[in-house]
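J.: First, the structure itself, so that you have it in front of you.
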Amino acid sequence: MPEYEGNCLCKAIHLKAIIEEPKLSCCHCETCRIWCSSPFMAFSCTQKPSVSENENVGKYASSSFAERIFCKNCGTTLYFAYTNGKNPYFINAWLFKGIENITFDAQVCIDDKPDCYDFANKTSMFTVDEVMKSIVK
């Protein structure tokens with residue numbers, strides 16, 4: 001399986017992740033939109049990404065079931081992780097260079113999406129309720 005490498009904007013954090021398939025998904029939930037100033041666009045990853053651990057790695061528990069990992073220095077969004085360790089990790093898709101044949105596959109929390117934008121791509125769409133039911137406890 002292909003392993004990709006990327007950095008945050010200030011290059012203080014180096015990240016490696018195995019991306020099984022370059023299928024892009026995005027989350028329209030309010031928390032992701034505030035976190036990223038847009039929908040969070042990510043690749044799903046079954047293995048925890050390898051991150052150069054240092055004082056710049058920040059973790060924020062955004063809910064009782066998830067945390068968000070970011071660079072404390074430049075603010076780059078790195079990834080979203082369920083705290084149960086069973087669900088996939090969602091890695092910022094734009095950290096990596098050289099990923100080919102990316103497809104826009106899914107939109108989650110579609111019922112939280114504001115009316116002011118739409119993506120033209122045909123994707124699978126999941127509501128907040130469907131996402132919450134899919135989380136392995």
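For all residues, glycine too, the Cβ spot is worked out from N, Cα and C.
If you look up Swiss-Prot, you'll see Cys8, Cys10, Cys71, Cys74 marked as Zn(2+) 1 binding site, on the strength of sequence analysis. Annotation comment: Swiss-Prot describes Cys27, Cys29, Cys32 as Zn(2+) 2 binding site. The feature domain 'CENP-V/GFA' is assigned by Swiss-Prot to 4-118.
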J.: On the DSSP side of things, how many residues of the domain 'CENP-V/GFA' (4-118) fall into helix, strand and coil, could you say?
T.: 13 helix, 50 strand, 52 coil
J.: Give the distance between the Cα atoms of Cys32 (Zn(2+) 2 binding site) and Cys10 (Zn(2+) 1 binding site), rounded to the nearest whole Å.
T.: 22
J.: Out of Cys71, Cys74, which of the binding-site residues is least crowded by other Cβ atoms within 10 Å?
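T.: Counting other Cβ atoms within 10 Å of each of the binding-site residues Cys71, Cys74 gives the minimum at Cys74.
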J.: Taking Cys8, Cys10, Cys27, Cys29, Cys32 as the binding-site residues to compare, which has the smallest set of other Cβ atoms within 10 Å?
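T.: Output over binding-site residues Cys8, Cys10, Cys27, Cys29, Cys32: least Cβ neighbours within 10 Å is Cys10.
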J.: Write out, in the order they occur in the sequence, the residues of the chain not among Cys8, Cys10, Cys71, Cys74 that have a C-beta within 8 Å of the mean position of the C-beta atoms of the recorded Zn(2+) 1 site.
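T.: So the extra residues in range turn out to be Asn7, Leu9, Lys11, Ala12, Ile13, Asn56, Asn73, Gly75, Thr76.
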J.: From the centroid of the CB atoms of Cys27, Cys29, Cys32, the recorded Zn(2+) 2 site, which same-chain residues not already listed sit within 8 A by their CB, in sequence order?
T.: Cys26, His28, Glu30, Thr31, Arg33, Trp35, Pro39, Phe40, Val108, Cys109, Asp112
J.: In the predicted model, what is the mean pLDDT computed over the domain 'CENP-V/GFA' (4-118)?
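T.: PLDDT averaged over the stretch: 95.
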